[in-house]
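The feature pyridoxal 5'-phosphate binding site is assigned by TrEMBL to Phe135, Asp222, Glu223, Val224, Gln225, Thr280. Taken from TrEMBL, the feature N(2)-acetyl-L-ornithine binding site covers Arg138, Ser279. Feature annotation from TrEMBL assigns N6-(pyridoxal phosphate)lysine to Lys251.
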Amino acid sequence: MTATTQAASPHVMPTYGRVPIALERGQGCRVWDVNGKEYLDALAGIAVNTLGHNHPKLVPALQDQVAKLIHTSNYYHVPGQEQLARLLTERTQMDNVFFCSTGLEANEAALKIARKYGVDKGIALPQVVVYDHAFHGRSFATMSATANPKVRNGFGPLLDGFIRVAPNDYTALVEATEGNPNIVAVMMEPIQGEGGLHPMRIEYLQQVRALCDANGWLLMLDEVQAGMGRTGKWFAHQWADIVPDVMTLAKGLGSGVPIGATLARGAAAQVLQAGNHGSTFGGNPLAMRAGVETIRIMEEDALLANATRVGEHLKAQLKAQLGALPGVLDVRGQGLLIGVELNKPCGELIGQAAAAGLLLSVTSDTVVRLAPPLILTTAEADEIVARLKPLVQALLAA
Ligand SMILES: *Cc1c(COP(=O)(O)O)cnc(C)c1O
């Protein structure tokens, strides 16, 4: 598979093990390849295409924006930034937003806030607590915060200043940090996406919030994958009724237009000042319009409720039809971010599913990940299960 596609793209760096299909257009939750074959999209560009493809409200708005203004410069005010920042802060209890173009950039800004927050307090060598199985991106800082050796290996020396602990183990967190005056922040994904769709428990999130409060540490939540309505609430941490000091967004925020955002509250919102940070593309008018329209359409079309309702249906159907198969260890997730964990590596399912007309991914080697557009219908959810079941059965029988 890899050889075929590398041969097909000799001028593109072979940084991905690609499935040998090429997609050309989409409509709703369906896409078609260059040969006219149809696929049901249960991946949405990895939780990116919030509104599916060719959305009848999003596309005219983006066309309008392209004709007006795509990009200017952060030398000047960009009204869309204020508009989107207000929409985002209204849906959280955050104070302000820095805009960039990707998830790793959003996390990079969060880590810079943490370091300077510490340095401003007189901590010369600030340290940030991160987690086993975490994924925060592939820049030097975010790769250093990431746990997966496949991401990190070969790129040393990585950044210092990270302490790694096990998820959902409060005692371990306390022991790893007790008496350490250099800690400035705890950074985590409320649901570890690339790490196998493992959620942080609600009481754990609340305990970490309290520990951060007691010590003056920033709680920094990476909601790049789990945020923007994917779990049925605007942001995954809202299930635990806590408020972070810093939160990062990207993937689903622009329904496919590149965009990232770092939200901050309280002292964290005052750390970065003029000249401390920036991004050429960050906050450009086209990306801002995509974010504003995504939120507007999600609200108009009640997509949080849809993610909850169709997500529960999809999870129930997966449990009913796959859950009892020997070799299926777990069906878990929230809203339309669902994982089916198998007892063996299942990366080959990505290609097999595509051949069967279904787009999905596999995370952490053994977990089938479903992250369809939030416009998914129950009929489409049933179709996902019907197409997936024989593939999983065959893989487990092999
Ligand atoms: C995808 C992802 C990132 C990185 O986002 P990029 O846009 O690829 O840089 C960071 N954190 C989480 C949780 C992600 O899922």
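Yeah, the Cβs are placed from backbone N, Cα and C, and that goes for glycine too.
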Listed binding-site residues with Cβ under 6 Å from ligand 1, out of Asp222, Glu223, Gln225, Ser279, Thr280: Asp222, Gln225
Largest separation between Cα atoms (Å) of residues that the record links to pyridoxal 5'-phosphate, namely Phe135, Asp222, Glu223, Val224, Gln225, Thr280: 25
Minimum Cα separation from Asp222 (pyridoxal 5'-phosphate binding site), reported as the residue among recorded positions Arg138, Lys251, Ser279 that achieves it: Lys251
Length of the line joining the Cα atoms of Phe135 (pyridoxal 5'-phosphate binding site) and Lys251 (N6-(pyridoxal phosphate)lysine), in Å: 14
Structural state of Thr280 (pyridoxal 5'-phosphate binding site), classified by DSSP into three states: coil
Neighbouring recorded positions, C-alpha within 10 angstroms of Gln225 (pyridoxal 5'-phosphate binding site) - of Arg138, Lys251, Ser279: Lys251
Glu223 (pyridoxal 5'-phosphate binding site) and Ser279 (N(2)-acetyl-L-ornithine binding site), Cα-Cα, nearest whole angstrom: 20
Neighbour count (Cβ, 10 Å) for Val224 (pyridoxal 5'-phosphate binding site): 28
Reduced DSSP assignment, Asp222 (pyridoxal 5'-phosphate binding site): strand
Rounded Cα separation (Å) that holds between Glu223 (pyridoxal 5'-phosphate binding site) and Arg138 (N(2)-acetyl-L-ornithine binding site): 16
Sparsest-packed among the recorded positions, when each Cβ's other Cβ atoms within 10 Å are tallied, from Arg138, Lys251: Arg138
Intrachain C-beta neighbours of Thr280 (pyridoxal 5'-phosphate binding site), sequence separation six or more, cut-off 8 angstroms: Ser73, Asn74
